[in-house]
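Each remark here refers to the structure printed beneath this line.
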There are 2 protein chains.
Amino acid sequence: MKLITEVAAQAGIGEEHLELYGKYKSKLSPSLWEDMKNKPDGKLVLVTAVNPTPAGEGKTLTTIGLAQALNAAGVKTVAALREPSLGPCLGMKGGATGGGKSQIIPADEINLHFTGDIHAVTSAHNLLSAMIDNHIFQGNELGLDPQRIVWKRVMDMNDRSLRNIVTGLGDGNGAVRESGFQITTASEIMAVLCLCDNLTDLKKRLNRILIGYDQEGQPVTAEQIGAVEAMTALLKEAVKPNLVQTLEGTPVIVHGGPFANIAHGCSSVIGTRYALKLGDVVVTEAGFGADLGAEKFMDIKCRQAGLTPSAAVLVVTVKSLKYNGGVPKNELQTENRTALRTGLSNLERHVENLGKFGVPVLVAINHFEGDSPEEITDVVEACRRLNVPAAISKVWAEGSAGGQELASELKKLLDHSDTERFAPLYENEIDISSKITKIVREIYRGAEVNFSPAAKRSLAVIERLGLNDLQVCMAKTPYSFSDQPRLLGAPEGFTVGIRDITLSLGAGFAVVITGNIVTMPGLPAKPAAEALWMDEDGVIHGLV
Amino acid sequence: MKLITEVAAQAGIGEEHLELYGKYKSKLSPSLWEDMKNKPDGKLVLVTAVNPTPAGEGKTLTTIGLAQALNAAGVKTVAALREPSLGPCLGMKGGATGGGKSQIIPADEINLHFTGDIHAVTSAHNLLSAMIDNHIFQGNELGLDPQRIVWKRVMDMNDRSLRNIVTGLGDGNGAVRESGFQITTASEIMAVLCLCDNLTDLKKRLNRILIGYDQEGQPVTAEQIGAVEAMTALLKEAVKPNLVQTLEGTPVIVHGGPFANIAHGCSSVIGTRYALKLGDVVVTEAGFGADLGAEKFMDIKCRQAGLTPSAAVLVVTVKSLKYNGGVPKNELQTENRTALRTGLSNLERHVENLGKFGVPVLVAINHFEGDSPEEITDVVEACRRLNVPAAISKVWAEGSAGGQELASELKKLLDHSDTERFAPLYENEIDISSKITKIVREIYRGAEVNFSPAAKRSLAVIERLGLNDLQVCMAKTPYSFSDQPRLLGAPEGFTVGIRDITLSLGAGFAVVITGNIVTMPGLPAKPAAEALWMDEDGVIHGLV
């Protein structure tokens, strides 16, 4: 592992701009931005994927491997990634730092506390929560309706027992009311941190956060609670991007990690901007499949930040296509070209969808050991028929060497890419229900949108408050284009049911809830935490 | 502000032993301990105080000022302090980094997230909580009694609404049960972190933590839940002490901050040991007044760690003595020698008590602007009558210059101090109720101890489990020698009521609860958080 000062130096960052966290992690000081801000931007590449399956597609892996391969091919490249959340890391998922020969390091520290950014979000969030309940306790000058507080508490832990709780029990402990905890990555503050331009913009956005309604039904914001200055102070360091490296020494900015369902699921705008000044190419990723992640990346992140992607890399695996073709999880190892060909419909539609944003697409076939040559050929052939370039990626087993084809295809694409064709899917000016309908029809390919009574009431509130210029953030199952997890492949003609619409006014979007979205995961029967152990030298095992 | 690398170099710490957190904070690597462990220890000085009053005694201030003054007088001195907790900092108390010309810096960062140690304790604690509830949810193999889980959750925030809650409501969210949150500094893990020798001992102690009882009434420990390896991994960095500096560049180790009521209220053993290798004198402090803080320092921290204090500095103010003499809070500014002389009884008893540990005492009269010369003289005279050295301290206004007299008196004391006379108050071999009775009679000077039925049941459990070799950790109001906050001065003849006794088996003590001990503070009508603000350069104001 190189010292982070070395990695920084190779990326052209002077030591005076580093705020070290140990020897292998560093925050980048705002002084670096002042130094670089007039430099031209590099080209932005989004790594996205087909609909996720239990087999894992390897989006983070591909992002890291591709960045390594581009550097090996002489293209100065920086990766911009999300920070893993501790809860899932100790729960079901394990670490989120890539794998094999394409990892970001120090993986254990990145997966655990890293530089404390998520903890800072937790603190800022819960300060607001405590000040809301204290406001009610101290006399409720604002006339808050305790039954209509929408701001919950957060914790970076998978803890299902905290999903629905009653607080304030006992004598002198405030108003008894129903509430709950979300995981920290689901906090609107995480979304705000990842969309803001700087500390000043962060503060503005925090001020706008809707915390509930008063007894007249009027919205009440964080600004009115008087918490925002202290929250900003708590986020002062978290707003600075973090620099780490890959196993091959490629610089990586790891910053922010908002939920991909009730938030937009991309690493921070600030981190992306730094990366674009440091690299000729920046490889970044978005959560879930392209129906959710890429759509939100384009429609929310790029729109708000004025970013223009030059290309999208769509990660697919033979297993994921077989799964989409109807093969159950435990039979994915077996060759099944019929199912594979059925499942290709999923890939085709994502390719087509990405075209709607005016972004050229490269398909990355993430190779697994059990894949048969014939299956791989089927995918390659399908891409040829679709007239979209494809490359086999072996970055897990081989690092940059296994990403040469991918890097070379991407270079060709970037050489001819015309960013002027990029456009978000919908105009910001159309109203919220039209935005939803457009996404459902053009990306998901549903026939109808069915708004529940609660959703209709929310639309009326949005209308009344004049908030139609918000973007929409779809909270939908990632496993299907539809809102039904088992509808695999490329379903059509379905109806998407909108259960509710909530307001993330600081983030600037309305969260459109389809189905039952869990914002506080639970632990499985065998939590990943149980497999973790530390040897006598303090080295952590069993995390990734 | 000097770079922390400079401060370290002056303290004889090579850069290879530093793990920097920005430019002004550093963790000290275990490699430093390997380098220093065979060096002789410096002399350990405890700063303690009379019973705390609303006027504030300035114990942390005096610790910092004294360390500065000793260094100015040519004595190589290191201070060892507790880390401030975020909750109180944003609540009632404000910052806890000293004041005036005797502060530790960077104060804002130390008061907010610092190096993330408290966040790590929160994560480790709540992982155990989540795994306990998940254990019940997944089938409850251990037969845990959901009504007898004693392990709560923690948050570093003042949030009274979380004191008593019901968790697990709703479908599929686990067992519905009563629970609650404590502030993180009240977590047993914080006490464990502060008493352990190293990572290996930390793990042993975590294994011993009592989390509840099974349906047969048998104790269940953290080890049985399978959480301890992951908890240790989460605490891997937190166990390393942190180095910062005072305004005058004196090195300070800030590490750990356990509650002073249900825990022992001292900074970490590891930090103290590092400091003793680095300084010829180490100045440290303990929470609350000497009846609680010094007793626990001697009986718990020094006993467990094999430390021997060479002297105690007892901080007193004219205001605190007047308050103990019956003057209400808002009249403390006015000269009142009669009340002062009445209140001196409080000082006298603390001096006498400290003598029982065989530790020589120096009284530090922390000077406030409104103190009249006659009042000061009264205190000095009283000390002379008690045959105890005293010095006026003006370290708030003048820094080290205002601590010259204090430093010089301490040097004299240390030159003649004989650490062989030190002994804890009670033998570890006597049973828990005898330990309690001894503290109540000899330190508090109560006549009787009254054990509630719950406390008697707990004593029986302790007997049954063979746990009489635990120390006792008294959870009592800090404002009086008695268990009644308004019984000021030097009360006698009172009865101390023991409401309950709980077990902190990882920390190695039984917590003896008198009265109503709050382990989750609430926010006041005007939280300190509201006064906080950040300017355009990111500088935080209103924190201290």
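Every residue, even glycine, has its Cβ placed from backbone N, Cα and C.
Nobody curates TrEMBL annotations by hand; they come from automatic prediction.
Note that the structure is predicted; figures quoted are calculated from it, not measured.
So that you can see what the record holds, here are the features copied from TrEMBL:
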type	residues	note
BINDING	A:T53, A:P54, A:A55, A:G56, A:E57, A:G58, A:K59, A:T60	ATP binding site
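Fewest other C-beta atoms within 10 Å: among the binding-site residues A:P54, A:G56, that description fits A:P54. Annotation for A:K59 (ATP binding site): spatial neighbours A:V47, A:T48, A:A49, A:E285, A:V315, criterion Cβ-Cβ under 8 Å with sequence separation of six or more. In this view, A:G58 (ATP binding site) is surrounded by 27 other Cβ atoms within 10 Å of its Cβ, with every protein chain counted.
Within 10 Å of its Cβ, the residue among the binding-site residues A:T53, A:A55, A:T60 with the fewest other Cβ atoms is A:A55. Residues within less than 8 Å, Cβ to Cβ, of A:E57 (ATP binding site) and separated from it by at least 6 positions along the same chain comprise A:A49, A:V50, A:V315, A:V316, A:T317, A:S320, A:N366.
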